[in-house]
Each structure stands twice: as C-alpha cells, then as structure tokens.
C-alpha cells in the first residue's frame with residue numbers, strides 16, 4: 001500500500017554513463033574540477049592556481065603560429081628496431097600500440113608557419129608518446145628542424161617535454177644527444193635565433209643536450225627540469241633536497257633558465273624576444 005505520493009516529480013540526475021568521458025579534469029595542484037571548455041579557454045592551465053597541464057605539440061602550434069595555421073614536415077619518419085629490444089613486449093609492438101592508442105606517429109612533431117608575421121620553425125615533443133623519449137626518429141626530427149631553420153633563415157623554437165633518452169634504442173638513442181647539439185651549432189654560425197622552451201618534464205638526455213643550448217632558455221612555471229629525478233638523487237645522496245629543487249623557479253634562481261613564461265603570455269613573449277634577436 002502506498003501511503004505517500006510525490007505531487008511534483010523529482011529531479012532526475014544524469015547517470016554516470018550519460019556524462020561524456022573526458023568532460024571534466026582535476027587539477028593536479030589544487031584539486032579543482034575543471035570543465036573541458038574552461039581548460040581550452042585557458043590554454044590548459046588552471047584558472048585557480050595556474051597549474052600547467054601537459055599538452056601536445058599540435059596544441060602549441062595552434063596558439064603560437066599566426067591564425068593557428070601551420071604546416072608539418074617530416075611526419076613520415078618511423079622508428080626502427082636495431083637492437084631487437086624486448087621488455088614486456090617487443091619494441092616495434094610497443095610503438096605500434098602507442099600509435100594506435102594515441103593517434104600519433106612519434107614523440108616529436110615539426111612545423112613551419114608565421115609567428116608575428118615572420119617565418120618560424122617549431123619542433124614540439126610529446127610526453128604522451130612513450131614518455132616523450134628521444135630515440136633516433138626524435139633526434140632526426142630535431143636535427144631536420146634545425147636544417148629547415150637554416151634553409152628558411154628563420155628562428156627555431158624547440159619545445160621540450162620528455163623523460164629522456166629512449167632505452168629501447170640503447171646507444172642509438174644516446175647518439176642523438178651529440179647529433180642534435182652539433183646540428184644546432186649551424187644556427188649559431190649563421191646568427192639564426194634558437195629559443196629552447198622547457199615544459200614539464202624536461203629530463204635526462206634532453207636537459208643534457210639541446211634543451212639547454214638555446215640563445216634563450218625559457219620555461220613554463222614549475223616545470224620539472226633536470227637529469228636524474230629528485231627521488232633518485234635523494235636515494236643516492238641520502239639527504240633531503242632543497243625545496244623546489246629541479247623546478248623552473250629554482251633553476252632560474254641559479255642561472256640555468258633565463259625567464260619563466262605563463263602559457264597565456266607565451267606567444268606574445270616569443271614575438272617580443274625574437275624581435276629583439278633580429
């Protein structure tokens with residue numbers, strides 16, 4: 001027997017399955033719940049605390065180049081397997097599965113376009129592809145970006161976002177440190193500006209090679225920058241590390257980073273800096 005009856009139907013909340021996946025994200029710093037549109041409007045930075053989410057090269061290209069117009073080059077390069085490396089799965093299988101899952105072909109993309117009305121070359125790394133690790137393809141792409149910069153007599157901007165060298169390629173990966181560094185000297189010989197933008201994280205062989213070789217080394221706020229990770233260092237020296245150790249602000253204080261730029265100011269700041277470097 002029903003004793004009570006609702007005069008007005010209750011509000012029905014959406015089932016979890018009715019809410020599109022990926023619509024909300026949680027800020028890793030302050031814990032705020034952020035809507036996808038809100039993140040897009042703020043270039044994937046938290047409007048509450050300023051935390052910078054990791055983003056892909058194509059997103060950087062879309063807001064750095066004039067009118068979001070850019071043209072990719074050397075997209076066809078693919079990784080080989082010179083060592084026949086196997087960990088939990090063969091290296092070629094790992095690359096294929098990452099490509100299928102991410103929709104990306106490698107951990108680096110190169111593009112040309114206009115920046116402030118002038119030609120520019122941007123090479124962007126992607127942590128979402130095997131940790132942004134540098135293997136032979138990534139090294140070759142950065143080297144070719146330097147070549148394109150020389151060809152166009154245009155400034156080069158490299159956006160680093162990587163855990164370091166790709167262990168699956170062994171010495172072939174480590175060779176890319178010398179290769180990229182040597183190729184970048186051609187820009188200096190011709191007076192072509194090279195700006196290194198370090199984002200979170202810029203570690204290992206990346207920080208030990210081209211990421212620190214810019215005419216200007218700039219960074220996004222609170223980016224982790226270093227060679228070995230803080231936990232490895234702490235466990236090795238058996239001592240606590242200084243507060244903020246290996247963060248962009250710490251490196252700027254000690255002279256390794258020239259300036260720190262919020263993502264919303266990045267395009268304007270790059271145009272201004274390149275204007276001074278002509």
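Cβ coordinates are placed from backbone N, Cα and C, and glycine is handled just like the others.
Taken from Swiss-Prot as is:
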type	residues	note
DOMAIN	23-278	domain 'CoA carboxyltransferase N-terminal'
ZN_FING	27-49	zinc finger
BINDING	27, 30, 46, 49	Zn(2+) binding site
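Residue environment of residue 46 (Zn(2+) binding site) contains 21 other Cβ atoms, counted within 10 Å of its Cβ in all protein chains.
Averaged over the domain 'CoA carboxyltransferase N-terminal' (23-278), the predicted model reaches a pLDDT of 97. Listed binding-site residues: 27, 30, 49; maximum Cβ neighbour count within 10 Å falls on 27. The record gives 27, 30, 46, 49 for Zn(2+). Within 8 Å of the mean position of their Cβ atoms, the other Cβ atoms in that chain belong to 28, 29, 31, 32, 34, 47, 48, 50, 51. Counting residues per DSSP class in helix, strand and coil order gives 6 helix, 4 strand, 13 coil for the zinc finger (27-49).
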